[in-house]
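Here's the structure, in structure tokens; my notes come after.
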Amino acid sequence: MLLKIRDSVNLPSPLSISIWWNGGSILGVLLVMQILTGFFLSMHYTSDISNTFYSIVHIMRDVPMGWEFRFLHANGASFFFLFIYFHVGRGLYYQSYLTQPRTWMVGVTIFLVSMATAFLGYVLPWGQMSFWGATVITNLMSAIPYFGPSLVEWIWGSFSVGQPTLTRFFSLHFILPFLIMGLSAVHLIFLHEKGSTNPLGDLNHLGKIPFNPYFTWKDFVGFVLVFFFICFIVFFFPNMLGDPENFSMANFKVTPTHIQPEWYFLFAYAILRSIPSKLGGVIALAMSIFILYFLPVGMFNYSFSGSFCFVFQLIYWNLIAVFILLTWLGACPIEEPYMTLAVPCTILYFFLFITLIIIPIFWKKI
Amino acid sequence: MAAFVGRATKQGLLRAKPTLLNQQATFISFSSKTKKRVAWIFGSLALGGGAVVATALAQPAFASDLVLHPPHYPWNHKGLLQALDHGSIRRGYQVYKQVCAACHSMQYLCYRNLVNVIMTEEEAKAEAEEATIEDGPNENGDMYERPGKLSDHFPSPYKNEEQARAANNGAYPPDLTYIVPARHGQEDYIFSLLTGYAEPPAGVKLMEGQHYNPYFPGGAIGMAEALYNEIIEYDDGTPATQSQLAKDVVTFLRWAAEPEHDTRKLYGLRAMIICSFLLGVTYYMKRHKWSVLKTRKLAFKPPTYKK
């Protein structure tokens, strides 16, 4: 173990890696912050539905520093996903999925588990949006033919979202971050097999420097910078990313006029809504994430370097634009012109991803 | 502009610096003919997308879709480092107590929360004692009533939701503790709602017991106009105009929803100062450690051969 740590500290790292390579270490720090703040919040949280909302009020009003921990935890999740998107975006831009396919696959799994954890956590305050978000998302399973409805009831532990649902969601939300930690360790082990990629796409081991002290100090700068922005949001705009509906206690008799998930799921939500068929929408929603698993298909073609390829750049930046558009559309109400706009955006999202998968395979032929 | 941003960031954010490898990679890229073809394809896609957007935007707008959004007011606690106006909170509590509390509860607020914000501890104790709180059971198993204490929550005007609806023509007066952050538009919305009552325009029919307010979704609201000029008399002598009453009660409600508001901003200032200092230190250390690498000079020394 100590040898592993020593190896990590002295890991030969490419001299040319830019600030975009800070994302991984920042995500690690954010994960630790989420686990610690979550642990302290769990000391005062109650998962009994008649008291849950009140326990959140208690944390915010009566527990010393409770509001700080809660705001750090809630906004920390947003920062975690922001940096996941930066991290995935960097991996896509520099084709880390081609040079480090196993690291990429584990990374996508971490992303999926993080999404599940964040969704479960959003249900815990038992506000209106928590309750109705849980109802909408869990109901998606009912689209699965034959055993879908039974599966939904199995997840709920009842005939609707209720007490058993909240209790198990709390348990799962508590345990899943430790799975993310384990997967992060596997992610690092695979990464250290070959070492980091670099902006030049250069796979030889020239121009490498030890990780410590160069990148440890560079990472420290990243941590402090991110903490600066987190503090800015937490102390000055703590509810900026939240939903007003969640200030009202869950009420199964009153449906909010506009149900939407947190900002980091909006792109997938827009894809789900853009398809008229429920099953089709659920499949598209799942595929919008699972498609990341297919990116390393062209991994044996080492001659491909998209960073210097005009077409690749065009596709990449179009994909980023489509992703942002979908995120915006996910937050818009279900009416024209947003509904019509979401359809070509969804098609483009998958088209651009498939093109990214295909390009390295046929690179030599081109 | 782009050139300025490029220079400011030293073009180092995503672009690789031009090297020999870079140039080689450019050579193995597409030929100009293929580039043109690709440009055509993406140009067509962009045109198609534009057409879809234009078609979608050409949808007609209906008058019934329109909702009156509240204007933005210059709340003096909205600034990054501005605290709540505590005089306004005190007056707002008076408005709540004398006007709103008849129908609206504030179930998450305790009398102890008023101490050192709205009144002294002694005043808060006296304030609490004015309320009658149901407690129990006593040793005989009966519930009993007693004067309130500092630790008690504000009593609700109704025993339950059903009673509240029965007393208000079927409408349920919401709890006001979190009413400001729980509404889109926040302070602006509540202020506009309280001061925005008007006669219903032609064609708008209201049911019995309903009132017209253009800021309320749908326009028909169960709550009658509650604030008028001089409806109460402020203890501090401030003229109780309708807008003053509305402004004060909204400030009080903001404080009720976020009692940590002022402390939060103070901590935020401290955090910014500490983080800025740490940022300077870590950045200096990073530059210090990297200086050897950044200032090294690589020189090609041609081999010398013996003749």
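Placed from the backbone N, Cα and C atoms, the Cβ positions cover glycine too.
Here is what TrEMBL records for this protein:
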DOMAIN    A:1-200  domain 'Cytochrome b/b6 N-terminal region profile'
TRANSMEM  A:20-41  transmembrane segment
TRANSMEM  A:69-88  transmembrane segment
BINDING   A:His73, A:His173  heme b b562 binding site
TRANSMEM  A:103-124  transmembrane segment
TRANSMEM  A:131-149  transmembrane segment
TRANSMEM  A:169-191  transmembrane segment
BINDING   A:His192  ubiquinone binding site
DOMAIN    A:201-366  domain 'Cytochrome b/b6 C-terminal region profile'
TRANSMEM  A:220-241  transmembrane segment
TRANSMEM  A:275-295  transmembrane segment
TRANSMEM  A:307-329  transmembrane segment
TRANSMEM  A:341-363  transmembrane segment
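A:His73 (heme b b562 binding site) is surrounded by 21 other CB atoms, counting those within 10 A of its CB over all protein chains shown. Highest local Cβ density among the binding-site residues A:His173, A:His192 belongs to A:His173, counted as other Cβ atoms within 10 Å over all protein chains shown. Rounded to a whole number, the C-alpha distance linking A:His173 (heme b b562 binding site) with A:His192 (ubiquinone binding site) is 29 angstrom. Looking just at the domain 'Cytochrome b/b6 N-terminal region profile' (A:1-200), the mean pLDDT is 92. DSSP assigns the residue listed as 'ubiquinone binding site' to a helical segment in the three-state reduction. On the backbone, the CA of the residue listed as 'ubiquinone binding site' and the CA of A:His73 (heme b b562 binding site) stand 30 Å apart.
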